[in-house]
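> According to Swiss-Prot, the protein carries these features:
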type	residues	note
REGION	1-234	region 'Alpha N-terminal domain (alpha-NTD)'
REGION	248-332	region 'Alpha C-terminal domain (alpha-CTD)'
Amino acid sequence: MTVTANQVLRPRGPQIERLTDTRAKVVIEPLERGYGHTLGNALRRVLLSSIPGFAITEVEIDGVLHEYTTVEGLQEDVLEVLLNLKDVAIRMHSGDSATLSLSKQGPGVVTAADIKVDHNVEILNGDHVICHLTKDTAVNMRLKIERGFGYQPAAARRRPDEETRAIGRLVLDASFSPVRRVAYAVEAARVEQRTDLDKLVIDIETNGTIDAEEAVRTAADILSDQLSVFGDFTHRDRGAAKPANNGVDPVLLRPIDDLELTVRSANCLKAESIYYIGDLIQKTEVELLKTPNLGKKSLTEIKEVLAQRGLSLGMKLENWPPAGVASHGMLG
């Protein structure tokens, strides 16, 4: 148990209890009284609204002009098929969009496993039923996959210059969040003679494209990033206080693992002693392409991930590395 400068208890590291492959409980304790609900509610909201994921956003089905078309030999109506497609759990290793296809000859059951994927795309719930073919007929689909977060209705994603939708292109309401359910409970905790402390228990279930504990960590990172803007405000008011790490943006001190790059890209960077985001952004494209086993595809992935955070390659940093950052990739 440690105490911060203002005497507020700092909890121990989270304890993880895996319940299933997609569900886990995360326990954080001890917390000051009231902090359980403060942190639990904030984390729950971010988990449900802001964790990025992938979803099917557009569908084209041979012979289908609109959502209300009747297809002979198809047990479900088209609307039900579209609803089933929204529940396909998809993970992409790089990039923000892809186009997949599905072809199946009936009679029989059409499942998510029938979707043709490449090495960059995974279907996590291959047994998920999309539709049933009752006759000797075929179904052919083209599916557009996109990256996003939260829930986005089809109307919100329609381009402003798109006056009319292409006939046969069915736009879906997309739920990008990989988090299916989150609940939290606050229980009593005790440390030595203090019995008025909180224990936060977060029960989280995902669609399998992300681990429950990874989702909680990402939510905590998002909250930390949002709250970090108040740090400068506080320092200005205190006057005498000095920013840590010689004024270096805390984002640059985060390990490259926080970028969620593919394993190949991350290992290539670490092999070149690039451990922090601050190390990475100072490299140029030419320098990175000289890295063994790091090709143009990995370079594109790195540039896209940095751009999402308002960063780019080839940036110049003064006083890097700051005090406390060791060359072996650990904060000293």
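Quick reminder: no glycine exception, Cβ is built from N, Cα and C everywhere.
What you see is a predicted model, and the numbers here were worked out from it, not measured in a lab.
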> Averaged over the whole of the region 'Alpha C-terminal domain (alpha-CTD)' (248-332), what is the pLDDT?
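For the region 'Alpha C-terminal domain (alpha-CTD)' (248-332), the model's average pLDDT rounds to 81.
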> Give the residue counts of the region 'Alpha C-terminal domain (alpha-CTD)' (248-332) per reduced DSSP state, in the order helix, strand, coil.
39 helix, 4 strand, 42 coil
